[in-house]
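Following: one structure in structure tokens, then a few remarks.
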Amino acid sequence: MAGILAWFWNERFWLPHNVTWADLKSTEEATFPQVEDLYLAFPLAFCIFMIRMVFERFIAKPCALGLKVQASGPRKAQPNAILEKVFTAITKHPDEKRLEGLSKQLDWDVRSIQRWFRQRRNQEKPSTLRRFCESLWRFTFYLYIFTYGARLLKKSPWVWNTRLCWTGYPYQPLMPEIHYYYILQLSYYWSLMFSQFIDIKRKDFSIMFTHHIIAVILITLSYTVNFIRVGALTLCLHDVVDSVLEAAKMANYCKCQKLCDFLFLSFAVIFMITRLGLYPLWVLNTAIFELPEAVGGFPSLTIFIILLLVLQVLHCFWSYLIVKAAYKAILKGKAKDDRSDIESSSDEEPTTAPHSKTSHSSATTNGTSGTNGTNGYLTGGNSAEEH
């Protein structure tokens, strides 16, 4: 194991020319980042997860109930052994041919079977109360960590002149405030790496998982090789917008649509400025151009640049989803973030008994199609799940 670690942390790969790990050992005069410091992130990640559980139960839930957030989950589909077997063993989204077969088997009309599958899918969605509790926790943490990071960086001259990120590199002492900031960020991302498997599943789950992996790798490696100045700047740029997104979600769950729309618009603007503007201008520019000018190139720099560019690709993809959501909001007058599920927790329809083919035909003959003047919007025809 020692031989593998020595091979992995090869000085010629990770550090600039003529710099060794011994040169970056902490002394009485100066403290430098040590890889052993990062082990603290694992117990802290567990502590953060436990704090989250307590927060959601004893703080977020009472807040949600006080704001009259819907506590009940989606309405359950009526029991049906045949449809349940198809749903669990074959498909949750039956095609037209299968719907026709089930219609003949059960003597139900196709629309009733479609409604049953939609309600059954909704049963597996989390309640609005659970969504609100998760968003309030994330809002609280993101607001705290951004406020701390912004106050920390406000006193740092290299925020406004990124060339100063590399002045004296790699012999830049580690300030206790940045050490705390880095370890807390790493601990939170580690907690997300594991909690996301029990969190509410969203459409961009795989992309967010990729993002979390890249974030953990970048935080770990940048701390180890003392890229802490540009690392802290990168973390703060990413934190600035997250609390706004969670606030927009909470406003939506509380049915404050105007506030939700305003917050979503603010989120979109801040996201574009920080992720498509400041991130390339500050972080990518200083890593790709200013660092090699200051200390010369070395092999590990390529890894950092690739990971930072992958983050930028994710930023571009999310920007596309945000613009798409904003376009839908303009057309429909309701904000919905396709990136992270700003939407209601269900697309329920009123509970009605399934129509047999005979009764359906009779209704059609009498001119009652089963829809009202809302064109299906109040009955779930414009369901969030189908978008």
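Cβ atoms here come from the backbone N, Cα and C positions, even for glycine.
If you check TrEMBL, you get these features:
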TRANSMEM  38-55  transmembrane segment
DOMAIN    83-127  domain 'Homeobox'
DNA_BIND  85-128  DNA-binding region
TRANSMEM  179-198  transmembrane segment
TRANSMEM  205-224  transmembrane segment
TRANSMEM  260-282  transmembrane segment
TRANSMEM  302-323  transmembrane segment
REGION    338-387  region 'Disordered'
COMPBIAS  359-387  compositional bias 'Low complexity'
The transmembrane segment (260-282): which same-chain residues, six or more beyond its ends, come within Cβ distance under 8 Å? 162, 233-234, 237-238, 240-241, 244-245, 247-248, 251-252, 311-312, 315-316, 318-319, 322-323, 325-326, 329, 334-335, 337, 342
Grab the same-chain neighbours of the transmembrane segment (38-55) for me: Cβ-Cβ under 8 Å, and only residues 6 or more beyond its ends, written as numbers and ranges. 136-137, 140, 183-184, 186-188, 190-191, 194-195, 220, 223-224
Tertiary contacts of the transmembrane segment (302-323) (same chain, 6+ residues out, Cβ under 8 Å): 204, 207, 210-211, 214, 217-218, 221-222, 227, 234, 267-268, 271-272, 275-276, 279-280, 283-284, 287-288, 337-339
Counts by DSSP class (helix H/G/I, strand E/B, coil) across the domain 'Homeobox' (83-127): 32 helix, 1 strand, 12 coil
